[in-house]
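Following: one structure in structure tokens, then a few remarks.
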Amino acid sequence: MGNCLDSSAKVDSSSHSPHANSASLSSRVSSKTSRSTVPSSLSINSYSSVESLPTPRTEGEILSSPNLKAFTFNELKNATRNFRPDSLLGEGGFGYVFKGWIDGTTLTASKPGSGIVVAVKKLKTEGYQGHKEWLTEVNYLGQLSHPNLVKLVGYCVEGENRLLVYEFMPKGSLENHLFRRGAQPLTWAIRMKVAIGAAKGLTFLHDAKSQVIYRDFKAANILLDAEFNSKLSDFGLAKAGPTGDKTHVSTQVMGTHGYAAPEYVATGRLTAKSDVYSFGVVLLELLSGRRAVDKSKVGMEQSLVDWATPYLGDKRKLFRIMDTRLGGQYPQKGAYTAASLALQCLNPDAKLRPKMSEVLAKLDQLESTKPGTGVGNRQAQIDSPRGSNGSIVQKSPRRYSYDRPLLHITPGASPLPTHNHSPRVR
């Protein structure tokens with residue numbers, strides 16, 4: 001029923017510029033917890049490497065992917081109980097996300113509570129640009145398979161309706177865990193686990209022969225499964241990396257204010273190092289518990305990067321930017337290593353930033369390093385809190401002037417500087 005359009009439109013490696021209002025809420029794909037998760041029966045036989053990823057492809061080729069289920073609109077209506085309000089998981093500029101149920105074998109709609117739970121993203125009618133962003137996501141997630149990329153189960157295209165069906169991520173987004181009022185604070189170990197998983201996802205995209213630049217790496221697009229394994233979602237802004245002797249891709253400035261690399265904002269020249277910068281911002285959010293942009297703060301403190309950067313290379317002052325909700329329960333050496341890594345990722349000179357594979361290696365090394373016993377006297381060691389393995393966890397000093405409830409205010413996306421196009425930001 002109209003699931004595959006016969007069109008010559010291509011998802012091209014250099015010129016498409018999807019609009020900025022869609023897919024800003026993939027972070028809320030799974031804001032409610034469910035005991036049901038996507039079983040192995042939904043594993044998609046897509047590329048585990050993008051070495052031979054065929055681009056550009058026609059729309060017909062993309063939508064005829066054998067890896068995806070072509071749902072009818074009626075099937076998804078049944079799966080979500082006619083998109084009822086009590087099935088709504090979240091909404092944003094792009095549209096709405098609903099909780100749905102499908103049979104694990106046939107992938108047909110099933111009764112609520114039976115089969116497996118999925119997240120159904122229903123896009124608003126946004127015309128050609130909205131369709132292009134939707135198609136870009138189908139193109140990439142329909143071909144790629146990796147433990148740290150969210151799994152796309154299928155899609156629906158009928159008339160003006162554009163929907164995507166994903167595996168359900170019961171722990172929701174990293175953004176919600178860090179910034180939502182009342183959320184339980186993440187432990188140091190979980191924060192590093194999330195960072196490592198996200199780094200694995202980006203490394204997979206960057207190191208492929210047919211490189212993919214994610215272009216919208218942020219806490220809202222990092223989804224978490226029941227064990228806090230992180231997966232990248234929302235590939236609507238993804239771009240094919242430079243080929244041949246090219247060093248960058250020239251494109252209209254798109255992304256999210258506070259996460260976008262400064263050289264990309266200024267020139268429109270996109271490289272994998274742009275993603276590295278964005279990763280540095282998210283790593284900083286994990287360390288500090290503060291948003292990339294917070295308009296409720298004053299002056300330089302509105303920008304997390306501007307505010308935190310002076311402290312990242314100073315062991316004695318690093319505690320000033322650490323999330324007070326950690327209660328000082330983090331290894332000082334590990335925190336300094338992570339902060340130093342964030343500082344490298346945020347280098348204003350893109351060429352001096354590390355590759356994501358190098359970032360991942362550092363994080364893996366950090367996770368495998370056991371916390372030391374510090375330099376305190378014997379009594380201090382006895383009184384020190386201990387981790388699950390019995391090792392002493394350094395309790396870093398608190399900056400009590402920051403011990404107040406965080407303001408959970410969604411930052412507005414300020415206009416970014418332009419080069420020769422008017423940027424669209426989320």
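The backbone N, Cα and C atoms fix where each Cβ goes, glycine too.
What Swiss-Prot records for this protein:
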BINDING   L89, G90, E91, G92, G93, F94, G95, Y96, V97, K121  ATP binding site
COMPBIAS  7-42  compositional bias 'Low complexity'
COMPBIAS  367-394  compositional bias 'Polar residues'
LIPID     G2  N-myristoyl glycine
MOD_RES   T72  phosphothreonine
MOD_RES   Y166  phosphotyrosine
MOD_RES   S250  phosphoserine
MOD_RES   T251  phosphothreonine
MOD_RES   T256  phosphothreonine
MOD_RES   Y264  phosphotyrosine
REGION    1-42  region 'Disordered'
REGION    367-426  region 'Disordered'
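Ranking the modified residues T72, Y166, T256 by Cα distance from G95 (ATP binding site) puts Y166 first.
When the neighbouring Cβ atoms lying within 10 Å are counted for each of the modified residues (T72, S250, T251, T256), the highest count belongs to T256. For the recorded site, T251 (phosphothreonine), the DSSP three-state label reads coil. T256 (phosphothreonine) falls within neither a helix nor a strand when secondary structure is assigned with DSSP, and so counts as coil. All protein chains included, V97 (ATP binding site) registers 27 other Cβ atoms within 10 Å of its own Cβ. Of all the recorded positions listed (E91, Y264), E91 has the fewest other CB atoms within 10 A of its CB. Y166 (phosphotyrosine) has L89 as its nearest neighbour among the recorded positions L89, E91, T256, going by CA to CA distance. Note: the CA-CA distance between T72 (phosphothreonine) and L89 (ATP binding site) rounds to 21 Å.
Using CA atoms as reference points, the modified residues S250, T251, T256, Y264 were checked against E91 (ATP binding site), and the closest is T256. Checking the recorded positions (L89, V97, Y264) against T251 (phosphothreonine) with a 10 Å Cα-Cα cut-off leaves Y264. Within 10 Å of the C-beta of G95 (ATP binding site) there are 23 other C-beta atoms, taking all protein chains into account. For L89 (ATP binding site), the nearest of the modified residues S250, T256, Y264 in terms of C-alpha separation is T256.
Under DSSP, T72 (phosphothreonine) is assigned to coil, being neither helix nor strand in the three-state scheme. Comparing CA positions across the modified residues S250, T256, Y264, the one lying closest to V97 (ATP binding site) turns out to be T256. All protein chains included, L89 (ATP binding site) registers 21 other Cβ atoms within 10 Å of its own Cβ.
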